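Comments concern the structure below.
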């Protein structure tokens, strides 16, 4: 059951160090008072010191987003990958085997601390390593299924998000009609192009971008933040590493898929989904911020969101995506 309690939301926004330490101590970990906030907006994430001198990462889940069953399915997915030696940063379990904990109005989990640096996206060997890692991940994912996680689909990530923005008072009045016109032109094309690809849905990381990799000193890419894991096409976990002009994007795609193919076949028809998926992400991003705008963490992190300039640029990016949908797909 998804928590919709307004009191829980208010408590989440005002979560303080003492509450964080009390929560972690309550499930058998012994903290030493060290707490520092990490860069996260959807959830609250902290580095917390333990009295043995080590550090854990604590994630406090935003109320009203995921049910317990959905979160536990994320945890089970991470653990299944870890059992197959996929380098994921999976949640820690307590002595009773529990990874999702409750303390007052809060739901939280703990992760081991992992160090690393961002991957080098213009490094062909690192991209090949990422491709190999994803190939192995998807090979395991082929044997699994989700019962509670969402689907990567145009209605949820596109239509519903655009409707939310149009029904809200976030859009400047003078741009609302322009936005609606652009969406009315764009979304039928997105649906048509996605529907034209007979892809197979598999379990995915779902939000796999360079910021969700910590590149270890031994050359291992540690994968983190499976909070948006979902069912969808394999290309969803690949396309965010492909950008730039066509020649550059083509080369980076080749690096990724050279590694990927060492472990799993890739259906090249899914390459036609890159621009539709990019379009959905642009629409969803704006709606994500809008839905969280009452949270002071969002108004502080995204002050530009309330400006007319942001919406001018957002609408222009959607127009550019409409043109990109007409371009030939990348090939491998």
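Each residue, glycine too, has its Cβ placed from N, Cα and C.
TrEMBL entries are annotated by machine, without manual review.
The following features are taken from TrEMBL:
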ACT_SITE  207  active site, proton acceptor
ACT_SITE  225  active site
BINDING   212, 225  Mg(2+) binding site
DOMAIN    37-271  domain 'Aminoglycoside phosphotransferase'
SITE      40  site 'ATP'
Note to self: Out of 40, 212, which of these recorded positions shows the lowest number of other CB atoms within 10 Å of its CB?
What the structure shows: 40
Notebook entry, point to check: Given the active-site residues 207, 225, which one is most crowded in terms of C-beta atoms within 10 angstroms?
Noted result: 225
Next item on the list: Check the domain 'Aminoglycoside phosphotransferase' (37-271) for me and report the mean pLDDT.
Entry: 97
Item checked: Inter-residue C-alpha distance, residue 212 (Mg(2+) binding site) and residue 40 (site 'ATP') (nearest angstrom) -> 12
Next item on the list: Whole-number Å only: compute the distance from the Cα of the residue listed as 'active site, proton acceptor' to the Cα of residue 225 (active site).
Entry: 8
Note to self: Which secondary structure state does DSSP assign to residue 212 (Mg(2+) binding site), in the simple three-class scheme?
What the structure shows: helix
Check: At the Cα level, what's the spacing in Å between residue 40 (site 'ATP') and residue 225 (active site), rounded?
Finding: 10
